[in-house]
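Enquirer: As annotated by TrEMBL, domain 'Ubiquitin fusion degradation protein UFD1 N-terminal subdomain 1' applies to 13-108. According to TrEMBL, the feature domain 'Ubiquitin fusion degradation protein UFD1 N-terminal subdomain 2' maps to 109-184. Taken from TrEMBL, the feature region 'Disordered' applies to 183-316. Taken from TrEMBL, the feature compositional bias 'Polar residues' applies to 246-273. Summarising the annotation, TrEMBL assigns compositional bias 'Basic and acidic residues' to 284-303.
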Amino acid sequence: MFFDGYGYHGRSFEQTYRCYPASFIDKPQLENGDKIIMPPSALDRLASLHIDYPMLFELRNDSTERVSHCGVLEFIAEEGMIHMPYWMMENLCLQEGDIVTVKNVTLPKGKYVKLQPHTKDFLDISNPKAILETTLRNFSCLTTGDSIMVAYNNKKYYIDIVETKPSNGISIIETDCEVDFAPPLDYKEPERTAPSRPSNSPAEVQEDATEVEPKFNPFTGGARRLDGKPLKQQLPPSSSSSGSSDKQVNVTNGGKKSAAAPSSQNSSRQSQGKLVFGSNANRAPEKQKEPVKEEPPKKEEPKFQAFSGKKYSLRG
């Protein structure tokens, strides 16, 4: 069956046309949507068919096997040609005058669509969601793999249709569709600088431990006498062993010579400015308590009074 010399066959609409951009008929508003302009003969054929409204079409480039979907705005084109947005021609890899196949289809209402801007400048818009909603009002359908153009503030933003549900082609007319955004193609995640932490390697921990250990060593301070007297000049062990041993025996043991050996060792250690505990361990318990009773600390209190007038010899 033929209609006005053009091959419209069967009970569905399918025809080939030569495509041209919208600028050829002075229709710049076509660039802001996905609608095409068809010849009047196509309207006559579509009216005679029982098709679903709104009218949706499949565009196919047989040479590259690229497929997209669109709506129709007017039927005022010259016979044998159609006019479409230039961005749609780029999606189909079409040049001016190339052949494209147009077929009427019925698309399901969209439930989900995932978009991906080409540049991150689209995210810098004050309200990108409102701009996108306003732009999509001029669209009748979306196809997975297409790149739509959003014009705003004298600038064009291209957005890829990454995914659509429930099919690769969906209708977005009078439907609630969930929209999700993928990171822009030129988006780069900021490099995360790890906070500087002190290295806890075993070698450094061991070095730190060796530096801290001397601080906790006992008896590292200067020597002090318990009676408050200044320290005597240190003598060699050989010379101090004989003299100091006699004094130690007389003071601690009350003149007894049975403890001369341990007293000599004690005096030699005290002469070096160190405190020695347990040096009188070999003595009887009764003898260790005698120095406390004979020489109470109260008798030595006048020695610490300033300007008492008493004299002391450095030689003891």
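Each Cβ is built from the backbone N, Cα and C atoms, and glycine gets one as well.
Remember, predicted model here, so these are calculated numbers, not experimental data.
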Enquirer: Across the domain 'Ubiquitin fusion degradation protein UFD1 N-terminal subdomain 2' (109-184), what does the pLDDT come to on average, as a whole number?
Expert: 90
Enquirer: How do the residues of the domain 'Ubiquitin fusion degradation protein UFD1 N-terminal subdomain 1' (13-108) split into helix, strand and coil according to DSSP?
Expert: 24 helix, 37 strand, 35 coil
